[in-house]
Amino acid sequence: MAITKKCFAAFVLILLFVMPFVYCSELDNTSGFEIKQEDKCYGPEPCKNGYEGCLFFCVRIAYYLYGECTMKPDHQKHCCCVTK
């Protein structure tokens, strides 16, 4: 079964036209101008060592981008880690 040049060219053009739409449909529902980040807060223990303790906790234990100590309603600083 021989594939002619016209059939091959049509197949390649269809692939080039369809592939961008398949790739774009797999992305999340962001507008393109924002990065989806999520915070996850843990107890106050990592913040007892200051900012560096929270940062070390988030990177080493939880594998997040970074961490920061934030004041919560219970008037204690909790270690909140930010994900991608």
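Glycine is treated like the rest: Cβ placed from N, Cα and C.
Source: prediction; values computed, not measured.
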Partner cysteine of CYS47 (disulphide bond, per Swiss-Prot) from CYS24, CYS58, CYS69: CYS69
By Cα-Cα distance, the member of disulfide-bonded residues CYS41, CYS47, CYS69, CYS79, CYS81 nearest CYS58 (disulfide bond): CYS81
Collapsed DSSP category at CYS69 (disulfide bond): strand
Nearest recorded site to CYS80 (disulfide bond) by CA-CA distance, among disulfide-bonded residues CYS41, CYS47, CYS69: CYS41
Cβ neighbours within the same chain of CYS79 (disulfide bond) - under 8 Å, at least six residues apart: CYS41, TYR42, GLY43, PRO44, GLU45, PRO46, CYS47, GLY53, CYS54, PHE57, CYS58, GLY67, GLU68, CYS69
